[in-house]
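Asker: Shown below is the structure under consideration.
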């Protein structure tokens with residue numbers, strides 16, 4: 001019926017998730033780490049929408065769930081950046097390896 | 001088997017992955033954000049292919065619009081050196097890369113021959129209306145909880161970010 | 001099935017539009033580079049700053065106050081997202097959905113009133 005199998009979409013989501021994971025684990029700038037986390041959430045949304053179309057029972061629920069995930073992601077980005085500004089006021093740095101006040 | 005849909009998927013996926021790889025490899029943070037916008041817009045294209053028109057529009061509205069803007073504010077409001085590379089931790093990066101690669105291999109092993117049947121569906125007909133009907137009849141409680149979440153996010157972020165204002169007001 | 005094809009073919013227009021949007025600035029900039037004279041000198045590369053010598057980085061740090069406006073934009077953007085399907089499906093939903101949406105909007109108005117009372121909406 002259609003040219004694109006579900007595994008192609010899932011593989012794309014996997015690649016994007018891994019890019020986001022690598023970025024979140026290696027980048028020093030906290031803003032870029034937050035952006036990488038958004039990319040991971042996006043990959044998850046692709047999975048949700050894929051499973052809403054493929055499978056035995058195509059259903060709108062996956063798309064509605066993706067909408068909720070997006071609004072939660074927006075709220076998370078807003079609060080994450082506000083926390084980043086609060087940290088930046090005290091430490092004058094956005095590098096993630098300098099935020100180790102609880103380590104020692 | 002090279003249908004138009006497949007070609008479209010390949011093109012969009014290529015742009016998305018290139019955007020992600022550029023996000024990892026560019027050194028200027030502003031350029032990283034531009035690469036990310038390409039990824040977000042091509043993910044909207046993926047949603048269109050998956051007959052989720054409304055989610056595609058929301059993807060552009062929220063991700064390519066709002067979240068990119070707020071992240072740009074995050075970059076401009078904080079002082080930063082243009083390079084975000086950590087000095088002398090390449091072995092750690094390599095270890096992370098191996099770990100991510102192993103994770104990807106394991107998951108890919110799980111999905112590469114996954115054959116989900118594609119049933120006749122009506123997701124693409126009046127997509128927004130279907131979403132509206134599901135959202136406001138089946139998902140009332142999550143919807144109201146979302147409003148509470150947004151309220152909490154708004155008030156919490158204002159409280160966290162406002163302190164700076166008062167301090168600077170004292171200084172001036 | 002025909003509807004699916006129709007749906008997908010409708011997006012060909014969007015695709016053509018995107019291609020035009022990408023090609024137009026690229027071609028314009030390339031033609032400009034081709035046509036304009038190129039005679040660089042040291043003085044031409046400095047930033048123009050009202051005639052005086054530029055003395056520090058062009059990128060200045062903005063006040064955190066502006067972040068609040070971006071934040072409100074994001075929150076109300078998400079609200080708009082939920083308003084669209086409600087407006088489209090309004091005829092099939094009836095009065096109960098109207099009450100739900102009133103509660104939803106009321107919650108966010110509380111946030112707006114809070115921001116107003118905290119005087120973060122003042123543009124200085």
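All residue numbers here begin at 1 and follow the chain in the order shown.
Glycine residues also receive a Cβ, built from the backbone N, Cα and C atoms like all the rest.
Small disclaimer: the values here were computed from a predicted structure and weren't measured.
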Asker: Given B:90-111, B:112-133, which one carries TrEMBL's transmembrane segment label?
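Answerer: Matching range for transmembrane segment: B:90-111.
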Asker: Apart from its near flanks, which chain residues at least 6 from the ends of the transmembrane segment (B:56-78) lie with a Cβ under 8 angstroms of it?
Answerer: 29-30, 33, 36-37, 40-41, 43-45, 47-48
Asker: Six or more residues out from either end of the transmembrane segment (B:6-26), which same-chain residues have a Cβ under 8 Å from its Cβ atoms?
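Answerer: Sequence-remote neighbours of the transmembrane segment (B:6-26) are 32, 35-39, 42-43, 45-46, 49.
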